[in-house]
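TrEMBL annotations:
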type     : residues : note
DOMAIN   : 23-514   : domain 'K+ potassium transporter integral membrane'
TRANSMEM : 60-81    : transmembrane segment
TRANSMEM : 150-173  : transmembrane segment
TRANSMEM : 193-211  : transmembrane segment
TRANSMEM : 218-240  : transmembrane segment
TRANSMEM : 297-317  : transmembrane segment
TRANSMEM : 337-364  : transmembrane segment
TRANSMEM : 385-407  : transmembrane segment
TRANSMEM : 419-439  : transmembrane segment
TRANSMEM : 446-464  : transmembrane segment
TRANSMEM : 476-497  : transmembrane segment
DOMAIN   : 526-741  : domain 'K+ potassium transporter C-terminal'
Amino acid sequence: MDPEAGSVTRESRLKFYKATLCLAYQSFGVVYGDLSSSPLYVYKSTFSGRLRLHEEDDEILGVLSLVFWTLTLIPLCKYIIFVLGADDNGEGGTFALYSLLCRRAKLGLLSASDASDDDISAYNSGLPRKETVASSILKEFFDKYHSSRIVLLLLVLLGTSMVIGDGILTPSMSVLSAVNGIRIKVPSLHENYTVFIAGVILVGLFALQHFGTRNVGYLFAPILLAWLFCISVIGVYNTIYWNPHVVSALSPYYVYNFFKKAGKDGWSSLGGIVLCITGAEAMFADLGHFSQLSIRIAFTVIVYPCLVLAYMGEAAYLSKHKEDLQKSFYKAIPEVVFWPVFIIATLATMVGSQAIISGTFSVISQCRALKCFPRVKVVHTSNHIHGQIYIPEVNWILMVLCLAVLVGYRDTDTIGNAYGLAVITVMLVTTCLMFLVIVMVWKRNILGALAFVIVFGSVELLYFSACLAKVHKGGWFPLVLSLILLSTMCIWHYGTLKKQAYELNNRVCLDMLLSMGTNLGINRVPGIGLIYSNVATGVPPMFAHFVTNFPAFHRILVFVTVQSLTVPKVPANQRFVISRIGPPEFCLFQCVVRYGYKDQRNDTHDFENHLIETVSEFLRNGNNDGEAFRWETTNQQQSSPSDDVTASSFENVVSSESSKKTVRFRGVGCSKELEDLREARESGLAYMMGSTCVLACDTSSYLKKFAINIVYGFLRQNCRHPAIALGVPHTSLIEVGMVYRV
């Protein structure tokens, strides 16, 4: 064995372990804060309703047993073991599952208007699994009933809306619960003061977000580790000191006994018990910030045992102090360490809020990239972990809504009712999507998928029914909010698809453009023109509109189409797909620029350089013999002398075969074209894009007119301008105004 090779292997292994442990450490400051701060309010919320009429040992131990088994079944078994394994090449969350189904099972609507991503080699490395009977039946069903795809998209958008709602309720709930601890020592303190203090903490939390997940994680991780240490030690102390027999409540018998004694009141209390798993979804939603292994290590080794000990200690205290059920957490803290624990608890709730805020940024970024959310600014805060992002507009809107919830509700019990409904709805959506992933992506036996749904779905449905019964007690908020967000995302997606369909249906064929050039006497001016549109093949209608009104354009024209694919990242060497439009002497090119929904968009200067370099490589790979040429996106070439070249129409531009692009064109002198490209680059570069007004047709229904003319028009006017989103410099931009009647 080569000793140097062994040394390199050991070094790479150590580097991997070090990076994993580092990510696991950071995850405490980002992922687990919400889950770890739930002991602040679980028992209080559980015993706030009719269960306060059953303040006996059987009920207290039954609640502990329910909390233990809920923590074991949902976060540990469902998410850590199963759901984390359904990542989309390292990305997690509801939209990542949907992206996986779009790409691997062809179930989506989103890819209908986009280029195929089948040739992205990074996502086709695994061996295809053999179709099962169940996967074939399901695929046939989705193919036959187009409405089923719409329902699937609506389900995903509902889950996404609830995640955003969770991002509003979590900070309000956790911070207010922590600050209310002051009133244990100062009972005369008015609630206005605690609300004000909680508001100041929330403003500070959202002000920290621009530093990025990495820095916030390093800052918050020690706080959360100190918090977990405190609650676990206090839990052990309370268990030993007050009632060691609570350990027996880990038996599922106590769950049965709880419902036997409490009956319907026990079912109603599930709306409070479900709060013990708030933040479990963040483990999956924040997966892109870290890695599967780091999240699994952190949860199983530290978080899970510490939480079990904390709940056990609190139950032991309550079994001897039933009068403290409404303020049990702070009452269970020994007097000597009360204030240090209170300070750590307040800081820990900031960490808890960070988990869902990061998850909200992730899902909104995915929605935006896949044309289901208006354009917003996405800032990548890490050069190493591409999923670590910050969205300024969303951050400040979340802050305002959090403060509104805080001031409007003021009561943690009412916020808890809304909070629980949002959390359990997201989990139900994830369970439904996991069923499709298991059958149609993993190609597993349908019995295994059904077992997954029955075991976890039945538990979640039980909690969901209890939360739904409290809609009138605050649970209406996530429903109203999700309805608004769902409508916004649907209308944006619908309007975007209609706009793209108009451009595709009204694109100009090459012969018409050439005849226009003869009739109008079009002049070619020095320089390169980049024409941005959604048309991947052909000439966009806005360019024809421009030429008829101003018959001149640049010596070299590149029609650029930016497409977001249902993959997390597109490798840099497969980013650009270049083809030629018409005869070589016209110097017209088509460039499709492909991004994944987690890709960081380069700045304008880098984009220009990469684009022109790719066009140069395209020309350099040509030949003068008029033979067909196969150009791979990995910049490898091979000649195929068997085909003739005729390229004078769009049918000859690009044909896909596996991961290769076949480009056919008439040969011209490569050096001359390269020289023309160099001279045009030196002459300057200009950008052109449409400034469109999308309106519904006069014959359209009132509902469509309202959606397109009012809602979609308002969103387009108030979101980021396409030129800003693409990084196009304002001084070099030409905008062509058009009205689209869709």
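Cβ atoms are placed via backbone N, Cα and C, with glycine included.
TrEMBL entries are annotated by machine, without manual review.
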Listed stretch, out of 60-81, 150-173, 218-240, 385-407, 476-497, that has the most CB pairs under 8 angstroms to the transmembrane segment (193-211): 385-407
Contact check, the transmembrane segment (297-317) vs the transmembrane segment (419-439), 3+ Cβ pairs under 8 Å, seq sep 6+: no
Stretch among 150-173, 419-439, 446-464, 476-497 sharing the most Cβ pairs under 8 Å with the transmembrane segment (385-407): 150-173
Ranked first among 60-81, 150-173, 337-364 for CB pairs under 8 angstroms with the transmembrane segment (446-464): 60-81
Any contact, the transmembrane segment (337-364) to the transmembrane segment (218-240), with at least 3 Cβ pairs under 8 A: yes
For the transmembrane segment (476-497), sequence-distant contacts whose Cβ falls under 8 Å of one of its Cβ atoms, 6 or more beyond its ends: 112-113, 153-154, 157-158, 160-162, 164-166, 168-169, 367, 371-374, 405, 418-419, 421-422, 425, 694, 707-708, 711-712, 715-716, 742
